[in-house]
Amino acid sequence: MLKNSCRIALKELKHWMTPEKVKTSIATFPSSAEIVSEPLGVVLVISAWNYPFLLSLDPVIGAIAAGNAVVLKPSEIAPATSSLLAKLLGDYLDNSCIKVVEGAVDETSALLQQKWDKIFYTGNGRVARIVMAAASKHLTPVVLELGGKSPVVVDSNINLKVATRRIIAGKWGSNNGQACISPDYIITTKDYAPKLVDALKTELEKFYGKNPLESKDLSRIVNSNHFNRLTKLLDDDKVSGKIVYGGEKDESKLKISPTVLLDVPRDSLIMNEEIFGPLLPILTVDKIEESFDVINSGSKPLAAYIFTNTKKLKEQFVMTISAGGLVVNDTTLHLAVHTLPFGGVGESGVGAYHGKFTFEAFSHKKAVLYRRFIGDAPVRYPPYTNTKMRLLKALIGGGILGIIRALFGW
């Protein structure tokens with residue numbers, strides 16, 4: 001995906017940079033106008049640990065393409081990648097305008113005290129509030145790529161095997177659930193839930209074997225803090241008896257097996273924070289349409305997914321659910337489509353990027369109006385008679401009929 005971002009920027013940059021011609025109004029006749037993209041200046045990119053190469057360099061590509069100087073602060077939670085980025089960018093890029101600053105909280109805090117022309121942050125909502133507060137002191141605009149509880153609605157009239165495999169790929173196949181757009185919980189009907197659970201069990205065993213903790217295809221949890229956080233979610237009295245598959249842990253290897261929970265209470269810990277791990281609760285409703293109310297009762301998620309063959313339900317989902325992005329009959333794949341903006345809404349983020357949208361995120365759209373010395377209208381200048389006032393109002397209103405009426409004194 002990162003190489004693809006480079007290729008797209010190289011191929012499309014000339015087109016992205018070309019000023020956009022726009023129409024003018026009769027009020028400025030004769031004239032022409034265009035929108036010119038210009039660099040914002042010096043920008044700060046603070047990246048995340050879960051895809052530490054992609055999430056660090058993808059925004060940097062767009063920032064460079066848009067003509068900015070960039071400081072990249074990689075996540076200290078992925079220290080090996082942070083060190084590698086510092087070395088590679090130091091060796092291969094122009095260090096007079098692209099720099100890497102390594103470190104943890106102190107270094108990030110020091111960076112946030114500086115004045116930037118834009119800050120691009122990928123991570124969680126708690127730190128995003130700190131970033132936004134720091135940016136507000138300098139009126140610095142921000143892009144905040146956050147997360148949330150991304151739901152999956154599963155209807156009954158589907159190819160269950162394909163749907164299950166796609167849910168697994170988006171959940172456990174994406175860093176063992178440690179991805180901002182991985183499915184956070186499933187909503188299905190009470191009648192269909194047993195079939196869905198059985199299908200998940202079957203496919204999970206095919207993918208990761210009878211002992212998933214030994215599988216080479218299953219990511220470990222990033223560190224002991226996150227391992228303990230996920231363990232706490234599982235040990236909650238309200239959910240510990242709801243496990244229908246998995247639940248095995250190996251703290252020495254920081255591994256947690258794919259875990260499915262059924263009929264988890266909505267007031268439990270696991271349903272009130274982003275899981276960001278291999279635990280997948282299933283909520284049940286009487287009618288599948290009720291799932292939309294469940295989703296809308298919480299914060300707007302970064303992504304939302306639905307599996308259905310019912311056209312009306314698809315349309316209702318798209319019109320009813322507010323999320324950063326939606327996918328029908330799959331999960332997470334919208335991330336790979338560079339012609340779609342990727343970003344959140346509400347608590348799941350501010351702004352968007354990918355492809356041209358990254359270029360635009362790091363550009364200022366400058367309005368330019370061109371006029372010549374001919375066609376100077378006396379009506380603009382004092383003294384203002386009733387006729388001039390009528391004409392001015394008509395010109396600003398932009399209607400030919402209004403101008404004709406004004407000329408005739410109507």
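Placement of Cβ uses the backbone N, Cα and C atoms for every residue, glycine included.
Annotated in TrEMBL:
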| type | residues | note |
| --- | --- | --- |
| DOMAIN | 9-368 | domain 'Aldehyde dehydrogenase' |
| ACT_SITE | E145 | active site |
| ACT_SITE | C180 | active site |
Surrounding CB atoms that lie within 10 Å of the CB of C180 (active site), all protein chains: 30
Nonlocal neighbours by CB distance (under 8 Å) for E145 (active site), same chain, sequence gap 6 or more: A48, L55, F120, Y121, T122, G123, C180, F342, G343, G344, G349, G351, Y353
Mean predicted confidence [pLDDT] for the domain 'Aldehyde dehydrogenase' (9-368): 97
